[in-house]
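Colleague: Sharing the features that TrEMBL gives for it:
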- 571-581: compositional bias 'Acidic residues' (COMPBIAS)
- 816-947: domain 'U3 small nucleolar RNA-associated protein 13 C-terminal' (DOMAIN)
- 557-581: region 'Disordered' (REGION)
- 123-164: repeat 'WD' (REPEAT)
- 165-208: repeat 'WD' (REPEAT)
- 209-252: repeat 'WD' (REPEAT)
- 412-443: repeat 'WD' (REPEAT)
- 592-633: repeat 'WD' (REPEAT)
- 648-689: repeat 'WD' (REPEAT)
- 690-742: repeat 'WD' (REPEAT)
Amino acid sequence: MNDRSEIPSQQENGEIISETLKTKFRQTVSLSPFYDNGPVAQWENYIYLAEDTHVNMIDLETGALVRTFEVNTLITTLTAFKEVSKPKKGTIRDTGSVILVVASVDSSVTIFNVDTGETIKKRKLHSQPVLSLSFHPTGAFLATSSADCSILVWDITDLQLTHSFKNHTEIVSLVRFHPDPSKFILVSCSNDRTVRVFDLLERKCIHLFEGFQSPVVSLEFHQTKGGSIISTASNDGTISQWSLSTGKLLRTQPFGHAIEAIMGYTPDPPADVVCSNPFLFCGTPDGVFLLHTSDLKLTPQQYSASVLHLLPLNLDRTTGQFESLLVVTDDQTLIQLDPDTLAPRSFRSANIGEVISAKFIQSNPHFIPPSLLSALNLTHPFTPSSSLSVAVASNCNELRLFSLSTQHFTPLFGHSNFVMSVDVSKDGNWILTASKDKTVRLWGRTWRRMSEEEERLSSFDSARWNRWQCIAIGKGHAQSVLSCSFSKKLFKFSVKAKVPVLSKKGKAKSGKKEEVEVPFLVPQFAISGSEDRTIKKWDVFAAIRRALQKQVKAFVNDHFDGPSPQNEAKNEDDGEEEQNAEENEMVCLSTIVAHTKDVNVCAVSPNDAIVATGSQDKDIKLWSFSSTQTSVFSVSTTSSFFAPISTLKGHRRGIWALSFSHIDRLLASASGDSTIRVWNLADYSCLRVLEGHSGAVLNVAFLPPPVVEEKGGSEVCRELVSSGGDGTVRVWSVGTGECLSTFDETHDDRIWSLDTIQVESERDEDEGDELTEQRVKSQLKIVSGAADGTIKLFDDVTAAFRMDQIRAKEENMQQQQMLQNAINQGKLDYAFNLSVELGQPKKLYDSIDAILKTSDGQPRLLSLTAALQPPALSLCLRWVSEWNTNTHYSSIAQFFLSTILNCFPPSVLVTIPSAKVAIQSLIPYTERHYQRINRMMTEAQIYPVVAEKMKFGYSSPINLDLDDEED
């Protein structure tokens with residue numbers, strides 16, 4: 001069934017429809033893993049993350065991967081530094097740039113120039129792997145510690161050994177120089193449960209700290225009026241402080257948490273004190289804590305995260321101050337915290353994990369209704385972001401909202417188990433999530449007024465304040481919820497708000513208020529499917545209405561009643577109610593046991609009339625909604641329930657994805673049997689079976705129609721995009737069933753997530769498509785997420801590709817005409833070179849033929865051939881071999897080949913990769929041509945003798961021995 005007229009369409013107004021196939025896509029964004037819990041280093045606003053055998057340099061402002069440094073062996077530790085003193089010319093530091101030092105398990109240390117990425121030097125410094133590196137504050141010395149129990153100090157200018165200490169009895173896991181450039185003090189920590197202090201000037205160990213119950217994992221220096229102090233943190237959760245001058249233990253404080261790292265902090269340092277560090281950050285698997293250095297007592301500030309590393313961003317090494325605290329967690333997340341409050345500023349994922357579900361968030365710069373802002377004489381309090389966002393569910397408990405331009409994300413916490421599915425409303429204001437914790441959560445944008453502290457933090461990363469909150473929870477499923485879907489149509493309703501009457505100057509008149517209606521468009525219901533084989537319909541509209549009524553009231557109070565204690569307390573109560581979403585449970589309108597196995601997917605049709613569900617039982621079921629009225633004690637209630645429409649059978653394995661067409665009465669299904677089926681919803685028959693994936697098809701979606709302006713009609717797009725376990729993304733034509741495109745740059749593992757969106761095009765309004773006379777006002781984008789931890793964005797470039805083809809064709813026609821004109825006008829040298837440049841073998845043949853017919857043809861051809869460069873020469877040899885296969889062109893081919901062999905010696909020809917193949921293909925045809933010529937010469941000698949005999953009428957046999965002389 002290949003006739004497109006058989007596709008049932010919803011276009012009933014008789015308008016002209018033009019179908020434009022999308023066949024070319026280009027990858028524009030790729031979010032890939034770049035860290036696997038290895039060692040890290042930091043300098044200024046760049047972080048260096050070790051991943052197996054290479055180091056990734058990341059710009060923390062843009063999130064971009066700047067450079068990769070390869071060392072070919074597993075990395076044990078690394079550090080970065082930029083000298084502060086002038087080095088000698090010709091040494092490692094003579095460029096004045098940042099250098100990166102990387103140690104590997106093969107005991108070698110590699111030094112890189114960060115600016116150029118070049119390897120400056122690589123050398124083996126220890127007999128066993130290097131475990132720690134530390135630069136002296138002047139940049140003159142590099143200290144290394146190793147599993148061979150030794151500590152070595154090197155002159156960084158030429159990597160000459162200056163000091164060697166072998167006092168420890170077990171591996172030395174950490175070395176640190178004192179941060180004061182005037183002091184040459186080195187501190188080491190070992191698995192022998194000791195800490196040693198070395199004086200490089202005296203070349204000996206001056207202090208030994210003992211008594212630790214477990215090895216020391218981190219240390220920090222502090223400067224007080226009484227002298228320098230060293231804080232040490234052990235694996236057993238104990239923090240100790242030691243006097244650097246006397247070597248005595250000052251205090252020990254059990255912390256109660258396993259400690260990964262400690263780091264000093266100076267909020268307001270005295271001008272005459274270096275690195276006073278009155279506070280101490282402590283990173284643990286339970287979070288980041290802030291302690292007072294003086295007594296090791298906890299402050300109220302803390303942040304919950306499983307910490308691996310703590311790093312200062314933009315550290316002032318003279319005062320100890322830094323702008324942000326960078327936390328590296330065990331789930332490969334980079335979190336920037338405000339050092340004073342430990343409030344999060346930004347989140348960056350270094351390894352997203354297996355992407356289970358991903359959906360575009362439609363950009364909505366006016367999610368606060370303009371009518372409300374107009375009534376309050378306000379402008380939009382948030383700067384609209386043009387960045388495209390994606391809601392991502394991976395193998396973690398939170399939902400992550402990624403900005404594809406900065407690659408930062410906003411986490412939404414609430415679920416207690418993995419999020420399995422996510423859906424976003426048509427207007428981008430509401431998000432629905434389904435989780436293994438057996439619940440469905442509804443999230444909405446929040447637009448309450450920012451506090452002063454939030455405004456201060458928002459200047460660091462304004463994208464973070466596109467904030468969301470959980471407004472309702474749906475409970476009732478007995479097992480994990482695997483899928484969820486919003487209704488597609490948006491229902492209009494209004495919230496009444498009393499706002500102050502404004503004067504002409506825009507100020508509120510005291511005591512005077514007026515009632516305004518604030519309109520909203522919201523979805524009406526949502527569907528969820530579970531492992532318990534049931535599907536549920538949720539009353540989303542009621543939950544959103546309650547949330548919007550509170551938000552409108554709070555918004556008006558914030559802007560006109562002022563930050564009074566009553567309003568602040570009221571807003572705090574509202575915030576607690578927002579956070580305690582248990583009080584805002586979504587009402588379940590209907591439940592039905594839909595399948596005999598897990599319900600993997602559910603989808604709602606564009607007109608909300610049909611719900612489709614797919615299961616591991618291989619069936620697709622279609623449902624509609626029916627309602628009944630019941631009366632109990634004179635109270636009338638209306639109940640809604642699922643009514644079965646049809647069951648679609650045909651797949652041989654479980655159903656993984658379903659998608660309704662935006663314009664036709666079609667349903668597409670993706671199955672584990674490696675096929676996609678397109679179903680006709682008019683008679684519930686199968687229209688197409690699309691085959692091409694080599695593994696299970698895990699997701700499928702109809703491409704949305706573009707927004708266009710066209711005389712006399714509109715453009716539609718009858719195409720599907722699919723992803724599978726084979727790691728490919730394919731685009732299909734629904735009309736013909738053929739695969740139109742397979743994306744070149746896809747994933748290395750199964751692709752679970754797929755979504756499409758039409759975004760506003762950046763094309764000039766006056767720029768139109770010359771082929772269709774349309775002005776496309778949107779651009780198609782496709783996002784995919786896979787088990788390899790990558791998210792990729794693809795842009796539709798079909799129109800640009802078609803225009804490039806047209807321009808290339810026009811340019812080629814012009815060049816062809818120029819070439820023909822050159823031949824006609826006798827500009828044979830120019831025609832020869834232009835033919836080679838354009839890759840035109842026929843024109844080159846004509847040029848050579850014309851040159852040889854001139855009086856000085858042979859020398860001209862010789863000079864032109866001698867000027868050929870190797871790429872052009874390789875091309876000419878290939879053409880000669882092709883000409884030589886045809887008797888008609890062989891004479892010119894042989895002459896041109898002879899000219900090439902005369903111009904270029906064999907030593908030059910053997911360097912051309914294709915010369916050997918071309919010459920080998922020339923040999924058999926050349927031999928055949930010579931045999932043909934010999935036969936022709938023989939026949940040419942026979943014909944005169946035969947003609948002579950026939951002339952005189954000889955009847956005797958003709959002697960054909962041409963070697964005998966004539967009588």
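Using N, Cα and C of the backbone, Cβ positions are placed for all residues, glycine too.
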Colleague: Tally the residues of the repeat 'WD' (209-252) by DSSP class, grouping H, G and I as helix, E and B as strand, and everything else as coil.
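Modeller: Residue counts in helix, strand and coil order: 0 helix, 28 strand, 16 coil.
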Colleague: Please give the sequence-distant neighbours of the repeat 'WD' (412-443): residues at least 6 beyond its ends with Cβ less than 8 Å from one of its Cβ atoms.
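Modeller: Residues 356-364, 367, 391-401, 468-475, 477-486, 488, 490, 521-523, 526, 528, 530, 536, 538, 540, 543-544, 581, 586.
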Colleague: Cβ under 8 Å, sequence separation of at least 6 from the ends of the repeat 'WD' (648-689): give me the contacting residues as numbers and ranges.
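Modeller: That would be 1, 6-11, 597, 600-606, 610, 612-622, 695-702, 704-705, 716, 718, 720, 722, 724, 732, 734, 737, 754.
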Colleague: Could you give me three numbers for the repeat 'WD' (648-689), the DSSP helix, strand and coil residue counts?
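Modeller: Its residues fall into 0 helix, 25 strand, 17 coil.
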